[in-house]
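Asks: Have a look at the structure that comes next, please.
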Amino acid sequence: MKLAKRHKYVLMALGFYWPAIFIATHLPKVPNWVGEARMADMTWHFLAYLVLVTLIWLAVSPNKRVDWRRAKAWLILAGVIWYGVMDEWLQGFVGRGVEMQDFVGDVAAAVTALVLFTLFEFWMGLMWVTAIILFSVVNLSRIDTVCNSEMMNSAFYFLGYAFMTLVWVQWIDQKTDLRRDAVKWFAAGMGLPIAYGTFVELWSLAIGKNVWWMDCVTGISAVAAVVAISYATCHCGEEWKRISEAAA
């Protein structure tokens, strides 16, 4: 059976991501930047396993929501819980502590991911996962202080909001016919990511964190770039198809 392009991307991402987090959680010494980010270990585990279980589910069943009446979801949940236990146990062999709260974060993330994909299909589920990660990193860490560099903070904002916008645009194109009206499509494509970014930054202000104008500009630039490129790519593709059909 021929795999869909997005399914191939998911499998590639999982093939890279799973070994990467296994290595990261079994380094004898935690990298300095992790401590500098000042985010709780449990939160790190939650976010890491949220992505892991998302990729596992989409690799196994990319076109369907989670159905708890079938064994697939329960097997994935049981497998991730077992992996979480082994993950914590093996850390003892490299001199790292075994923390129950980290395991709780792993299980909570697995349940959260499966619940999200019970409620939502591929693209909207990815939207929620991305939204959770953006909110958590911005408001529950100090990524802006990592390595005393603004570069990492700007890179996170750009890549995070670019990915969110890319996922959102895919959902719009599949679920609506807004592509027929460029103005409405641009408004919809940019509207939700910017609105969500505004919510995240307002929350930062509410809890006493600094909001940097450069972060806001970076996020908005990422949204605008993805929307413009997506529209241009699709529009050029449609025009080329018309020309090819007319010439045939």
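Every residue gets a Cβ built from N, Cα and C, even glycine.
Feature table excerpt (TrEMBL):
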TRANSMEM  9-27  transmembrane segment
TRANSMEM  42-61  transmembrane segment
TRANSMEM  155-173  transmembrane segment
TRANSMEM  185-206  transmembrane segment
TRANSMEM  212-234  transmembrane segment
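Could you place the listed features in the three-dimensional structure?
Replies: Outside the transmembrane segment (185-206), and at least 6 residues removed from its termini, the chain residues within Cβ reach (under 8 Å) are 131, 134-135, 138-139, 161, 164-165, 168-169, 172, 176, 178-179, 215-216, 219-220, 223-224, 227, 230-231.
Here the transmembrane segment (212-234) has Cβ contacts under 8 Å with residues 144, 150, 153-154, 157-162, 165-166, 169, 173, 179, 182, 185-186, 189-190, 193-194, 197, 201 of the same chain, all six or more residues outside its ends.
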Asks: What parts of the chain pack near the transmembrane segment (42-61), using Cβ distances under 8 Å and only residues at least 6 beyond its ends?
Replies: 7, 10-11, 13-14, 17-18, 21, 24-25, 34, 72, 76, 80, 84, 99, 101-106, 108-110, 112-114, 116-117, 122, 125-126, 129, 132-133, 136-137, 140-141
Asks: In the same chain, who gets a Cβ under 8 Å from the transmembrane segment (9-27) while lying at least 6 residues past its ends?
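Replies: Here the qualifying positions are 3, 48, 51-52, 55-56, 58-59, 62, 87, 90-91, 94, 96.
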